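A.B. asks: I'd like to ask some things about the structure below.
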Amino acid sequence: MSDKIIHLTDDSFDTDVLKADGAILVDFWAEWCGPCKMIAPILDEIADEYQGKLTVAKLNIDQNPGTAPKYGIRGIPTLLLFKNGEVAATKVGALSKGQLKEFLDANLA
């Protein structure tokens with residue numbers, strides 16, 4: 001796992017995401033979720049490739065049940081792109097690296 005990925009908790013979400021400057025991609029995931037495990041290596045690569053433009057963060061919804069309902073998370077993996085503390089874009093489900101890069105490039109422009 002990339003050392004560039006931030007591991008969030010319900011307690012740290014406010015500071016690490018909502019009060020942070022710039023763009024942050026938050027992956028809402030769980031240990032038992034197969035598609036979540038499929039995109040984990042892709043997120044590691046994205047964290048490296050987009051360093052300086054984007055911060056990648058992960059929130060385990062089983063260990064941190066308070067945050068996901070605030071954002072209407074119903075299925076996982078769900079990726080929320082935050083810009084300066086506001087949700088700028090959402091993607092639900094596993095994506096290929098190409099699809100994720102298209103999503104990010106379109107929303108970071």
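Note: Cβ is positioned from N, Cα and C throughout, glycine not excepted.
So Swiss-Prot says this about it:
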type: DOMAIN; residues: 2-109; note: domain 'Thioredoxin'
type: SITE; residues: Asp27; note: site 'Deprotonates C-terminal active site Cys'
type: DISULFID; residues: Cys33-Cys36; note: disulfide bond
type: SITE; residues: Gly34; note: site 'Contributes to redox potential value'
type: SITE; residues: Pro35; note: site 'Contributes to redox potential value'
type: MOD_RES; residues: Lys70; note: N6-acetyllysine
A.B. asks: What residues, ordered by sequence, lie under 8 A Cβ-to-Cβ from Asp27 (site 'Deprotonates C-terminal active site Cys') and sit at least six positions away in the same chain?
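C.D. replies: Cys36, Ile39, Leu43, Val56, Ala57, Lys58, Leu59, Pro77, Thr78, Leu79 - these are the non-local Cβ neighbours of Asp27 (site 'Deprotonates C-terminal active site Cys'), listed in sequence order.
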A.B. asks: What is the one among the recorded sites Gly34, Pro35 whose Cβ has the most other Cβ atoms less than or equal to 10 Å away?
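C.D. replies: The residue with the densest Cβ neighbourhood is Pro35.
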A.B. asks: So how many of the residues in the domain 'Thioredoxin' (2-109) end up helix, strand or coil by DSSP?
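C.D. replies: Residue counts for the domain 'Thioredoxin' (2-109) by secondary structure: 41 helix, 29 strand, 38 coil.
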A.B. asks: Just to be sure I understand the packing, how many Cβ atoms besides its own are within 10 Å of the Cβ of Cys36 (disulfide bond)?
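C.D. replies: The answer is 21 other Cβ atoms.
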A.B. asks: Determine the Cβ neighbour count for Cys33 (disulfide bond): the number of other Cβ atoms within 10 Å of its Cβ.
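C.D. replies: So the Cβ neighbour count for Cys33 (disulfide bond) comes to 18.
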A.B. asks: Could you tell me the mean pLDDT over the domain 'Thioredoxin' (2-109), as a whole number?
C.D. replies: 96
